[in-house]
Amino acid sequence: MAIKVLVVDDSTLIRSLLGKMIESDPELSLVGMAADAYMAKDMVNQFRPDVITLDIEMPKVDGLTFLDRLMKARPTAVVMISALTEEGADATFNALALGAVDFIPKPKLDSPQGFNEYQDLILEKIKSAAKAKLLKALPSASTPVKSSIKPALSQRTVNTQLVAIGASTGGTEAILALLKQFPAVMPPIVITQHMPAGFTCTFADRLNKLTRFNVKQAEEGERLLPCYAYVAPGDQHLEIIKVGGSFKAKLSQGDKVSGHRPSVDVLFHSVAQYAGENATAVILTGMGKDGADGIEAIDMQGGKTFAQGEQSCVVFGMPKEAIKRGAIHHVVELPQLGDKLLQYLASVNRD
């Protein structure tokens, strides 16, 4: 049975383009196109779509207000269509916190290749959203972390260990929830979240405001410090290297790996090579298989591996593949994942 899709956008051009893209795929059924939230509400009640593509910036009632009302009245998988601006990125992360499954930038239609790539991406995201588990918005997602007692890590652990995190669909909120479970003093943390250029800096800023330690977008050649987390820039692979006993960030715009740039596999393979048994890797919610090869390599090099449990995943794709390969030591639901990881780190390199 085809996936029923509703397009909500105040732009006639964008509605027309998205409509044609959706109609080109036999697995999808375009049930309606709405120019504003009032039309959208009627169409949601009439057609009961499986997935909604929703513009953030709309007249009368904006996309965020409509999304908030929708998730309370009739939870539906929503893919946000976002402007490539700082304000647009900010609103996008607010939408994800409210329960949107995923987002995609507005289409750039300056070349046939760009059009085709965008069509492939939006169709993939709609199909992924249709399979997603709708989780309740985390009540604490937009509030700073509260102090609580955490196991203290030895100075040696903080200076020698490295934590690597990979995620895709549903990952922005999962990463925030995980980082909020960590104390201020941690080994360096490196993060790859599938995300286009123009959004990762805002994502890092949001994590920085809401967690106990410093979070920033990774820069080429910078030393990876304890008490810092580093986010892979959109459209660039993040790797780690080791120079003179210190971990450093390496960025590149190489080919997509496992269908993505940044790729979790690229990060994890570098972590396996340079951190080895001093690595702790976590694979979170996401569609597809990115990260499974890399976390298997970390396991083979003696690192510790964790996967998010199915119940708390928006999409149990990436963790499932890694578990299937026998590469995961601990499968833990998100609310307990941080504490489990901390227990492990507290047990190594005791002074």
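Cβ atoms here come from the backbone N, Cα and C positions, even for glycine.
Within the same chain, residues at least 6 positions away in sequence whose Cβ sits under 8 Å from that of Ser168 (active site) are Gln193, His194, His260, Val264, Thr285, Gly286, Met287, Gly288, Asp290, Val315, Gly317, Met318. DSSP gives Ser168 (active site) a coil state; it is part of no helix or strand. Per Swiss-Prot, active site is recorded for Ser168 (among others), and the stated evidence type is sequence analysis.
The feature active site is assigned by Swiss-Prot to His194 (among others), with sequence analysis given as support. Secondary structure at His194 (active site), as computed by DSSP, is coil. Other C-beta atoms found within 10 angstroms of the C-beta of His194 (active site) number 25, with every protein chain shown included.
Sequence annotations record features per position, and here Swiss-Prot assigns active site to Asp290 (among others) based on sequence analysis.
For 4-121, the entry in Swiss-Prot reads domain 'Response regulatory'.
According to Swiss-Prot, the feature domain 'CheB-type methylesterase' maps to 156-348, an assignment based on sequence analysis. Taking the domain 'CheB-type methylesterase' (156-348) as a whole, pLDDT averages 96 in the prediction.
Using a 10 Å radius centred on the Cβ of Asp55 (4-aspartylphosphate) and all shown protein chains, the other Cβ atoms total 26. Per Swiss-Prot, the feature 4-aspartylphosphate maps to Asp55; the stated evidence is sequence analysis.
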For Asp290 (active site), list the number of other Cβ atoms lying within 10 Å of its Cβ atom. 30
